[in-house]
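Pulled from Swiss-Prot:
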COMPBIAS  42-51  compositional bias 'Basic and acidic residues'
COMPBIAS  54-70  compositional bias 'Pro residues'
DISULFID  155-246  disulfide bond
DISULFID  224-238  disulfide bond
DOMAIN    28-100  domain 'Collagen-like'
DOMAIN    132-248  domain 'C-type lectin'
CARBOHYD  207  N-linked glycosylation site
MOD_RES   30  4-hydroxyproline
MOD_RES   33  4-hydroxyproline
MOD_RES   36  4-hydroxyproline
MOD_RES   42  4-hydroxyproline
MOD_RES   54  4-hydroxyproline
MOD_RES   57  4-hydroxyproline
MOD_RES   63  4-hydroxyproline
MOD_RES   67  4-hydroxyproline
MOD_RES   70  4-hydroxyproline
REGION    31-101  region 'Disordered'
SIGNAL    1-20  signal peptide
């Protein structure tokens, strides 16, 4: 009985072998798709991706418990508007008395320097013929010729007054300027209320004169006094221009 199925299989195999030998390929029809398999195990982590864009800032956090250290000082601001003056304070206590001038060494040194500078200046001007010294008086001229009133103003601005001789030595010193500039000069005398009565600028009578022969002869019309190149005097109208000579 078992030989019949076996013979059938051999026949089928022989027939199949004949077909395969001819085409060398066994072609079957596609089967029906099977059911999906179960999920496999999770795979390994992939590589890191590219860096993304920064996200938006988060909300401000709560204040910290530790205070921050103070920052550096800022730049100075612009000056403010000056305030109103305060009330005058009470006078301070009276200071100790100063030393007498002759005991103050610093003051004496300063005065010594001043004297030295003055003497140097006087010496330099004397060499130039700009000043003449007689006793305690210093006579000086700038060589300009102006009216009597203008000379008085110029000498006052310089801290002196118009030159006036009170003795022969001073008269000779003034005459030296008259000779140098070869022009007459006014002296500090003016005629008083009475004709021919000439006085000093302070109104005191003249105690020294050197009038030219026959002078004064203006009889009240010539109220100033000019000096000639020989040192003699003549009364003259005050509106003429004469050499400026001052005394200090």
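A Cβ is built for glycine as well, from the same backbone N, Cα and C atoms used for every other residue.
Note that the structure is a prediction, hence the values are computed from the model and not measured.
A map of Swiss-Prot features onto the structure.
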| residue | record | DSSP (3 states) |
| --- | --- | --- |
| 30 | 4-hydroxyproline | coil |
| 36 | 4-hydroxyproline | coil |
| 42 | 4-hydroxyproline | coil |
| 57 | 4-hydroxyproline | coil |
| 63 | 4-hydroxyproline | coil |
| 70 | 4-hydroxyproline | coil |
| 155 | disulfide bond | helix |
| 207 | N-linked glycosylation site | coil |
| 238 | disulfide bond | coil |
Across the domain 'C-type lectin' (132-248), average pLDDT on the 0 to 100 scale: 96
Between residue 54 (4-hydroxyproline) and residue 63 (4-hydroxyproline), the C-alpha gap once rounded to whole angstrom: 24
Proximal residue to residue 57 (4-hydroxyproline) among recorded positions 33, 36, 63, 207, 224 (C-alpha distance): 63
Neighbouring C-beta atoms (10 Å sphere around the C-beta of residue 54 (4-hydroxyproline)): 6
Cα proximity to residue 238 (disulfide bond), best match among recorded positions 63, 70, 155, 207: 155
Euclidean distance between Cα atoms of residue 70 (4-hydroxyproline) and residue 224 (disulfide bond), Å: 87
Among 33, 63, 70, which are recorded as modified residues, the nearest neighbour of residue 155 (disulfide bond) by Cα: 70
Pairwise Cα distance for residue 33 (4-hydroxyproline)/the residue listed as 'N-linked glycosylation site' [Å, integer]: 163
Nearest recorded site to residue 30 (4-hydroxyproline) by CA-CA distance, among recorded positions 36, 42, 70, 207, 246: 36
DSSP helix/strand/coil residue counts for the domain 'C-type lectin' (132-248): 24 helix, 41 strand, 52 coil
Rounded Cα-Cα span from residue 70 (4-hydroxyproline) to residue 246 (disulfide bond), Å: 75
